[in-house]
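Undergrad: So that we are looking at the same thing, I have put the structure below in structure tokens.
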Amino acid sequence: CSVGLTGTKYGCGGGGCGACTVMVSRYDPIQETVLHWSVTACLQPICSLHGAAVVTVEGIGSTKTKLHPVQERIAKAHGSQCGFCTPGMVMSMYTLLRNNPQIMNSNTENKNLNILMDNVLPLDPTQDLIFPPELLVSKPSERLCFQGEKVRWISPADLKDLIKLKAEYSNAPLLVGNTTIGPKMNLKGTVHPLVLYGGSIPELRTIKWRNNGVTVGAGCSLSVLKDVLLQGIEELGPEKSRVYQALVQTLQCLASKQIRNMATIGGNILSANPKYDLSSILAAAECTLHIVSNGNSLLIPSILFLTTNSLLQYKYNMNFSFHSEKLIANPCALQWEFVSAFRQAQRREFSFSIVNSGMRVTFRHDSNVVENLDIFYGGVGPTLVKARHTCKELMGRYSHLEKLLVVGTQLLEEEIYVPPTAPGGQEEYRKALVLSFFFKFYMQVGMNDLPLEYLSALKPFKNEVPQANHSFQTQSSNDPVGRPNVHQAALQQATGEAVYYDDIPSVKGELFVSMVTSTRAHAKIISIDASMALAMSGVVTFISAKDVPGQNRRLWFNNPEELFAEEEVICVGQIIGAIVAETREQAKRASEQVDITYEDIQPVFFTIEEAIEHQSFFDPKRKLERGNLEEGFEKADHILEGELYMGGQEHFYMETQGLIAIPKGEAGELELYVASQHAAYTQEVVGITLGIDSNKITCHVKRLGGGFGGKVMKIASLSAIAATAAYKTGRAVRCVLEREDDMLITSGRSPFLGKYKVGYLNDGTILAADITYYSNGGCTLDESSFIMEKALLHMDNGYKIPNLRGHGLVCKTYLPSYTAFRGFGGPQGLTIIESVLHEVAARCGLPVRDINMYKDEKCYTHHKQLFSPHDMVRCWNECLEKSDYTHRCLSIKQFNAHNHWKKRGISIVPLKFGIGFSKAALVNIYKDGSVLISHGGTEMGQGINTKAIQVRPAQETCPIIYTNVFFMTEIILFCMKDGCEKLMRRLEPLIKKHPQFTWQQLVSKSDMQVVEAYCQKISLSATGFFMGPHTSVDWEKSDGNAYYYFTFGACCSEVEIDCLTGDHKNIRTDIVMDVGRSINPALDVGQVEGGFVQGIGLYTIEELQFSPEGVLLTRGPSRYKIPALCDIPPQLNVHLLRNADNPHAIYSSKGIGEPPVFFGCTLFFAIKEAIAAARRERGLSESFPFSSPATAEKIRMACEDCFTRMNPPDRKVKTKPWAINV
């Protein structure tokens, strides 16, 4: 940013993440007040802000002046981890507070909040920036024109001017909220030479109440529309406002608050997207569109506008040029009239619907005969679909509602056709939703005659603010170790002062690089033509393999890795070259103009099953075994075989990958400001690429905006590319991946397939288990072999299975190579053995987990490592107690008996997770007494520096600054402690010489101690190093101490599912975690909660979809959904195990960042329990295939019923699928 305001972050470019939230204020002359709106800056055109005031996070407070109470509270309440999106959260809350200052007053009366918030700033209205007085002055309307490099922007003076302009420039888009056009311009490169802006025209925002309804201007935002409708509901009452209630129900689920503040009702209608939920309910409610053009004005029923191809003609060909429209909505006040809206999405909120529906029925007075019926569906065709034939057949013919239901479902099944080639796929699920929504509407209309066990199906899941119960053991108040101190940089993160790599000011002459990637999965590169790109304005050069001064190809454990694809591409998204230009936009546009000619090569495959068929595996293949499987299976009463598939996961760190490469101009020296979790590896790869020594390359890593393992390997290659560009041009080069490019290039967590055979006794004891693990490694090895080893080493979890064997094979496919991710193979290995235990328990009806758990004081893992499960058993027992597991199981059984269409399930699992790394730290004491610590860790939200401050030697209560140059926090703390103790031993004679002074007193008295040490030539610099006992595994003998120690835990989760839609609600989760003696309980609880929420995504929501050609389809927040607030259990309780020691780590603490991800599987198994309850009630087998993640589609289709069976397998047409499971 040229003015240096970098607090507002760029996360996705499509308004989907909220990191760029700012507050926009405008004076409303009608209401004679200033209105404040939170908006996403990435979709807010600068030209649209004429007459508005914009407040960013820097404008509300800073550590240099005065904090705003919102900033202080989010920091002190431990609400910031990596901190990248914290400014956006702050601005959302700040805007809410500006509009509703009473919220702060009501919250401060909350006793719990007062306990949490001691000594916090009160709300001070004088601290808020005033609205600029000059913007309050009413000025005559005038046409405004802005001319950019490629786009001309016109803001009409008034409605007449807009109509005139639209007649003159019929193809120019009319823009108000920019939530549809903006993402296309930002992410797809769409360019409109002329844009007409209607946001400043009062007539388009006018709202008028009439006797028969409300008229809403097309430029009215969805937020305003919602508020208007709520007002109408309050005034009319529930029976006379059914349409408004249905609209509000839909509006509450649409997008985020920021997007609803920007998006307009007119834009929503004109977008003509059947996934937009409002269309179906607007059509069902018989709303009318008032369309105005040059000299024409007419009313069009919304049904005509939304269900026919004429809309597409309006939208694209402009045969009829409309320029302004109003929406007229009637309230539905008839006694025998009913209207409802339905939707089902991948995520309950902030997600496009898979299918949506609006239905309206009118009965003849005091009868069950249908007089009028309208049924609309979105998401089952290219436009909104009306079930015309069904509605016609049902009107006036049936007086019995049950007959109406039977005939209606049959008619709908025949009429509504979802082709297998439909965008988004899921045709069977969508067809099931069509019938399920109709059945729900039938139940709503005839609820007085329904069985009691059906009624819960009519209650949609409601979002609740999560409540947490935390318990942990603290140390004495004088001991900093064990205190829940606030994150060391939390205040800077809350004020936007914390610096990330892309916040660093531009270097003089800085260039930008954009990647050119492969569009084929396996092909020979015939030619690369960059001439068109090089001819574009601002383009400096194109780089590829021939421009690499050192090595383009390097070996990674005997497997070749190419920086630039040279002769052959082996996945879609592989980097072939890069464009270097003066600006980001120029580089991005030019990279799309590089022409590459390919010749396809066979074979090409993407799935684990295809790799097994082709016997395509990376070496080494791993195996672990203990006992005698043949004997175990012979003694078993039962043999069970099965498999579990686990899908992959995108890292979705808020800060995308990137760096700045700055050539120093002397001896080939280079500086990198890089977002890396492993700076040393980045340094090594850049050195190999440039052909220079590593000592000429300096990597700076201050902090990361999230990493989760994704910024270890791929960032090294990106750094080498930027460094190559800097080497070639002699200028600094900045690389910042767009979100979609980041997801395409860098990949994520490996999909796994586990095939198992297990033998068990009638009493639930498992005697033998043989498991083969397959992972999809992608096109290169990356870290997949280590990930597979981790999975195999965790295949026993907490269970003593005497005869156990595991094979691990990494599949080589033609997808981008999968890489490290939080948990590093542990969640996959643990989940598959838990699936084995779950299936055995389901068959024998016994507490199989408890029966088979390690319980002896001394136990050996399947790789013969000695450990004590004492604390794991304690975690298990405490979790059973704190979760009230036994009583809740009975309550769930009772709930399921009294609810036919909703079911609940509960699951509890133990955890044994191996930990072990090594690192180093450098400690320097300066002459003024301050201390600088450089260490090999990376601050990315886990609080590594905060803990370091807490563990420094008690005597050394001195000012400390940290510089981070990844791995485990506790290992870095060991290194720092070692270095500090070395220094204190050197200074001990001087300390004894001045026993009456503390460190601060000595420093304040002319730095007496340090200066004397300096003069006596005592070294004030020390290196701390820590490496635990030797860890290794002999894979031939299945023997070895793989880990330094184990972190233990247990987790219990309860869920409720809607059998008709597949939606589910996470009700409650209880976690008991053994973290040893926590150095900082607040940070550790945050890591447990954060890991668990990431596990929610892994096991229930996040689904990577690839096309049959190997193209990642789910790129960006609009198509890839991570957990939102609605997915977090309303009760999320975390308890840190008390009186737990760990002699193997600093201050008896334990590593905690990675293990909790696995706990998300409790939701998966609880969902599976709920489905089993539904199937049991329907007389179906409780054994059924079910893979992770447990999406709404999988849940619904597993809850088989009369609706899912209306589309039998023999009627399915075999076609190329929309997406494949890789």
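Placed from the backbone N, Cα and C atoms, the Cβ positions cover glycine too.
Look at TrEMBL and you will find Glu1154 tagged as active site, proton acceptor. According to TrEMBL, the [2Fe-2S] cluster 1 binding site annotation covers Cys12, Cys17, Cys20, Cys42. TrEMBL lists Cys82, Cys85 with the feature [2Fe-2S] cluster 2 binding site. Here TrEMBL flags Leu174, Leu175, Val176, Gly177, Asn178, Thr179, Thr180, Ile181, Asp277, Arg343 as FAD binding site. According to TrEMBL, the Mo-molybdopterin binding site annotation covers Gln677, Phe708, Arg822. As annotated by TrEMBL, substrate binding site applies to Phe824. Marked as domain '2Fe-2S ferredoxin-type' by TrEMBL: 1-60. The feature domain 'FAD-binding PCMH-type' is assigned by TrEMBL to 146-348.
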Undergrad: Rounded to the nearest angstrom, how far is the Cα of the residue listed as 'active site, proton acceptor' from the Cα of Phe708 (Mo-molybdopterin binding site)?
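TA: That separation, Cα to Cα, works out to 9 Å.
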Undergrad: Measure from the CA atom of Cys82 ([2Fe-2S] cluster 2 binding site) to the CA atom of Gln677 (Mo-molybdopterin binding site) and give the result in Å, rounded to a whole number.
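TA: Just about 13 Å between their Cα atoms.
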Undergrad: In whole Å, note down how far the CA of Asn178 (FAD binding site) lies from the CA of the residue listed as 'active site, proton acceptor'.
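TA: On Cα coordinates alone, these residues lie 39 Å apart.
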Undergrad: With DSSP, how much of the domain '2Fe-2S ferredoxin-type' (1-60) is helix, how much strand and how much coil, in residues?
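TA: Across the domain '2Fe-2S ferredoxin-type' (1-60), DSSP assigns the residues as follows: 10 helix, 19 strand, 31 coil.
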Undergrad: Over the residue list Gln677, Phe708, Arg822, recorded for Mo-molybdopterin, what is the maximum interresidue Cα distance in Å?
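TA: Taking every pair among Gln677, Phe708, Arg822, the longest Cα gap is 12 Å.
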Undergrad: How many Å separate the Cα atoms of the residue listed as 'substrate binding site' and Cys82 ([2Fe-2S] cluster 2 binding site)?
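TA: With distance taken Cα to Cα, Cys82 ([2Fe-2S] cluster 2 binding site) is 20 Å from the residue listed as 'substrate binding site'.
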Undergrad: Neighbour count first, Cβ atoms within 10 Å, every protein chain included; then name which of Asn178, Thr180, Gln677 tops the list of binding-site residues.
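TA: Result of the Cβ crowding comparison: Asn178.
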Undergrad: Can you check which residues sit near Val176 (FAD binding site), meaning Cβ under 8 Å from its Cβ, same chain, 6 or more apart in sequence, and list them in order?
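TA: When sequence neighbours closer than 6 are ignored, Val176 (FAD binding site) has Tyr197, Gly198, Gly199, Leu204, Ala218, Gly219, Thr264, Gly266, Gly267 within Cβ distance under 8 Å.
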Undergrad: How far is it from Cys17 ([2Fe-2S] cluster 1 binding site) to Leu174 (FAD binding site), counting Cα to Cα, in Å?
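TA: Pair distance, Cα basis, whole Å: 25 Å.
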Undergrad: List the Cα distance (Å, whole number) between Leu174 (FAD binding site) and Cys20 ([2Fe-2S] cluster 1 binding site).
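TA: The Cα atom of Leu174 (FAD binding site) is 24 Å away from the Cα atom of Cys20 ([2Fe-2S] cluster 1 binding site).
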Undergrad: Taking only C-alpha atoms and a 10 A limit, tell me which of Cys12, Cys20, Asn178, Thr180, Asp277, Arg822 are near Cys85 ([2Fe-2S] cluster 2 binding site). These are the binding-site residues.
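TA: Among Cys12, Cys20, Asn178, Thr180, Asp277, Arg822, the ones whose Cα sits within 10 Å of that of Cys85 ([2Fe-2S] cluster 2 binding site) are Cys20.
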Undergrad: Between the binding-site residues Cys12, Cys82, Asp277, which lies closest to Arg822 (Mo-molybdopterin binding site), Cα to Cα?
TA: Cys82
Undergrad: Residues near the Mo-molybdopterin site, Gln677, Phe708, Arg822 excluded, by Cβ within 8 Å of the Cβ center?
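TA: Surrounding the site, in chain order, are His651, Tyr653, Gly706, Gly707, Gly709, Gly710, Lys711, Val712, Ala820, Phe821, Met940.
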Undergrad: Looking at the binding-site residues Cys12, Cys42, Cys82, whose Cα is closest in space to that of Asn178 (FAD binding site)?
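TA: Of the binding-site residues Cys12, Cys42, Cys82, Cys42 has its Cα closest to that of Asn178 (FAD binding site).
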Undergrad: Pop the Cα-Cα gap between Cys82 ([2Fe-2S] cluster 2 binding site) and Cys12 ([2Fe-2S] cluster 1 binding site) into the table, whole Å please.
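TA: The Cα atom of Cys12 ([2Fe-2S] cluster 1 binding site) is 17 Å away from the Cα atom of Cys82 ([2Fe-2S] cluster 2 binding site).
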Undergrad: Looking at the binding-site residues Cys20, Cys42, Cys82, whose Cα is closest in space to that of Thr180 (FAD binding site)?
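TA: The smallest Cα gap between Thr180 (FAD binding site) and any of the binding-site residues is with Cys42.
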Undergrad: Find the shortest Cα-Cα separation between Cys82 ([2Fe-2S] cluster 2 binding site) and the binding-site residues Cys20, Cys42, Asp277, and name the residue that gives it.
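TA: Considering only the listed binding-site residues, the nearest one is Cys20.
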Undergrad: Name them in sequence order: residues not among Cys12, Cys17, Cys20, Cys42 whose Cβ is within 8 Å of the mean position of the Cβ atoms defining the [2Fe-2S] cluster 1 site.
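TA: Here the non-site neighbours turn out to be Lys9, Tyr10, Gly11, Gly13, Gly14, Gly15, Gly16, Gly18, Ala19, Thr40, Ala41.
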Undergrad: Other than its own, how many Cβ atoms are within 10 Å of the Cβ belonging to Leu174 (FAD binding site)?
TA: 24
